[in-house]
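Student: Pasting in a structure now, in structure tokens, and then I'll have a few things to ask.
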């Protein structure tokens, strides 16, 4: 035994255990996110519990846990019906449960407001909708819902027109402001003309608004009557119902279809209920656009800096200082970048832009407040070192002989660079680009300071001139996690949404980094075997 | 043609080289630029305040003969006024020194002819004591508007305030009147040098809406140690302060009608007379100036050991004057004071920070002083009848190195403390901005995280680099790198909303796992020995031991969970947290330092792991081979040969991890309660510098004190991480040169 200790084999096991702990922790993290994130969209059974005191409860069983004191189990039931009960969840002691059943006609409705509804259909007020060919009440409800859906495009169309008009009016208002600021008298004619057009646009807007209200009221009149498990009646307008599910009467493929449709909603729809439900589209869009704008700045700068370090700089004090600077750029806390971005980009440059180009709008800031451009620039600075390191590494892995060959054939250094080295280093540069994007997607702290918001009224890119609105605030997946998970009033109900967002973000980051690492390994392999 | 082409490409080459060099150097510029920009915002905190002399004019001839009682100045230093004994308010232009207008005080009390004294009650409200003994109020306000051409035009208004009217008869040295909204009023008269009378007038409305006023009056009966030299009453009319000729400060509670209670009688100056007395904004601290120039601030503090009320304690010593302090004037905006001595030297001090902000010297002794309503204009009238007007620029009076890094005795606290509290609901709240609790929180979080992360990461790196089978290594390393890419907001969210509630339920199991997993490991090691060296099983498992260990770790965790439940019920009566609180007196926060240790540790593990693994792998193979050939075991080789050679690299890995942990924001923000407390307990939360910036900066007004202090904390973070990273990088460069790779 003593000999065994002396060789140090047990200590090898200790180091192995350390690695095992690290791996277990990582897998736990991924596992927790996966189980909590993936399960939420699955329409699980609605269970009716009969309790000892004679009451009943209907809901989806979320959790079962043991009370350490008594050793008894209790169930967490998602009873939904926030508007009736005041909360979505309920804890029920298992010993109080006298009977369980899965009523086939139990419905789970996803609503526009107040979260889900769990209960039973009791009646329909859908006179005037074509629901005759339906056989069962549920079929009728579904048909009525579909009929309303058909009318929806009309309303959406009006709303879209209204939005365009609104934007037009707003841009005219800003133009007017500018003209008035410059010189009232000189532009009197122009001002009068604009004011008149604006009035016209606003009048048009009001007409459309009236139309929208009527259309809304018209389809809002169709309702369905429901009962919750204890018989409480609830009248729900059909327009408020997003999706109708009867989870106890659904086959697995049907459930999978429902799942897919919810995933689609997640990716393509706007958030609802102060971000705790609905989709993530604006956040995904904001994240992607911010990252693209960021890459536009960080990639060229990073690549050139790496070329300088690897190809042009001689090994000396200067190079060492540049290296130290690169490492410090990578090591400075991200929040410091945020603070810098706020002081320099937002209040410094943005403030100056406002003073020079948009003085008429002051004190309402245009660029002098957080926005997507400033966020991108801040993150560009933060991710430059990633690009530099990856590019440098790939340049370093290109064998010397290739450079020398090119130079010997009479090419200038620059020609060697652009025609030989850079094409060969492309996988490495790609690695750097992807890694920097992955880093930017997950970075939240600086964005909180320089322009991310919980709910942006409009996307930073749309169809009105100049298409890219760099001054707009935007939404971001990472910030969404923080905001919904920690700032929303009903954290328990918001949790599933946070897990799904986390899953999405984690997925993006893991896929991106895996791709980057794959590129890098390929790049490394390509040259290690072929020494000249 | 060919020549042209060569020339063109040469030119292009030179141009490209220039551009590339500039771009490369721009990296250095960027780093320096970041530091310069954030420092530039933070630095004005420490700029010395400025007073610009705007005007120096002599009293207009029309006023040479009048007895002046009070003066005042507007915000823009364009106009000042003086109130004379006849009840006239004279407005004077500061640029020419000409009398613009004289306005009589509206509605003087019947029969009253002259004003005996005037007291500035609040921003622009004056109480006038008339020769008949009646007190009335007058409002003398300035307002400024911006004209079309961009000039500011100052206008003034004198209006009566009937609320402040209080009847009386007789001659008084001085009188104070305070009206209490809807309740009545209280009046304090100093009859002679040692007699003070308090009169209460209370208004009551009965059920039928009839108002009934009752008046009661009583004189202070407490024996006075000497003649009273200064008196001051707070704005609510609750506490009356008096200073005596032998340096006693007395405080009475007069808040209950008909009842005068002596609360304090303290020697404050050491026998020299109290010559100036006034309350600091907020009416908690009282500033005392004495005949020898001593200048201190006092407020009531719960005396240590005694159960009864609060006693006046000297909390701040301000810079002494060279001669008798003749007057003290509080700033209407913050806890600053303007004071003047008998030689005409004006001091502006901030009480809490004990900073002497400005010292202004006049030629003649000063008779009267006035501050504008926003506190940025100062006006003095000297005994020779000359006005002097200053514009004050004191942007951050409350901030000094002392308040940022030292203990400060804030109002309402029983002792000097380190406090961070930047905002509160009430108006006269004083922001408390000590960076010490935040620095403490940062270091605490970092220390716990490093304690958790360093052993795991380094041992894991050692295993991966030295013992692991090469094929596995090429899979595990990228896996850890991907782990490094996990966004901190994800880690923070899971720590805050999943791990914290979980550990909250199984605290004991969490602790037990630190014992049980090692025990399980020892058991495994013991059984491992039974596998014969060079047996097929051993050969198969060599370099893959950790795969066997993963289930061991899982089983250990599960055992700890089971045991934790049993121990909690058997030993701690079923509730460990309750036990902790009732027996040890330790409060348990759900989001505490243990959560931070795990979460932040988890975030830095991949970083340390990757760099350390690189360093260990880069040790030349021939060293390892030589050691093994000499008969050393693989552990001996790793421990005695590889690790010492790679030590600089390993050390720099730890430092870079440290730097990252110090600056990490989202995890600390989400996994702690963000309470800026200084407690070493692992069961309490904390607030770090970085999280503090994220929490507070959205609420900080541009260029305000909080804004600049937050930038200062960013500067601190930058400098701290800069040092760590530079040292780490220097170490790494040396290590690379030594082994010549890369």
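Residue numbering: from 1, along the chain as shown.
Cβ from N, Cα, C; glycine included.
No curator has checked TrEMBL annotations; they are predicted automatically.
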Student: Scan A:5-54, A:55-104, A:105-154, A:155-204 against TrEMBL and say which stretch is down as coiled coil.
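Tutor: That would be A:155-204, the stretch labelled coiled coil in TrEMBL.
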Student: Pick from A:474-496, A:497-519: which range has transmembrane segment per TrEMBL?
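Tutor: Going through A:474-496, A:497-519 one by one, TrEMBL gives transmembrane segment for A:497-519.
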Student: When you get a sec, could you say which of A:244-264, A:370-390 is annotated transmembrane segment by TrEMBL?
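Tutor: Residues A:370-390 are the ones TrEMBL records as transmembrane segment.
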Student: Per TrEMBL, which of A:329-350, A:395-416 is transmembrane segment?
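Tutor: Based on what TrEMBL states, transmembrane segment spans A:329-350.
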Student: Near the transmembrane segment (A:329-350), which residues from the same chain, at least 6 beyond its ends, have a CB less than 8 A from one of its CBs?
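Tutor: Beyond its ends, the transmembrane segment (A:329-350) has Cβ neighbours at 365-371, 373-375, 377-379, 381-382, 384-386, 389, 443, 445-451.
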Student: Where among A:12-42, A:280-309, A:420-441, A:497-519 do we find the most Cβ pairs under 8 Å to the transmembrane segment (A:370-390)?
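Tutor: Answer is A:280-309, with the largest number of Cβ pairs below 8 Å.
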Student: When you scan the chain for residues with a C-beta under 8 Å from the transmembrane segment (A:497-519), skipping those not six or more beyond its ends, what do you find?
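Tutor: Tertiary neighbours of the transmembrane segment (A:497-519) are 30, 33-34, 36-38, 40-41, 266, 275-277, 280, 283-284, 390, 427-428, 430-432, 434-435, 437-438, 441-442, 477-478, 480-481, 484-485.
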Student: State the residues, same chain only, that lie 6 or more residues beyond the ends of the transmembrane segment (A:12-42) and have a CB under 8 A from a CB inside it; answer 'none' if no residue qualifies.
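Tutor: For the transmembrane segment (A:12-42), the list is 255, 258-259, 262-263, 266, 495-496, 499-500, 502-504, 506.
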Student: Which residues of the same chain, at least 6 past either end of the transmembrane segment (A:420-441), have a Cβ under 8 Å from a Cβ in it?
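Tutor: Answer is 287, 290-291, 294-295, 298-299, 302-303, 311, 379, 382-384, 386-391, 393-395, 397-398, 402-403, 406, 411, 477-478, 505, 508-509, 512-513, 515-517, 519-520, 522-523.
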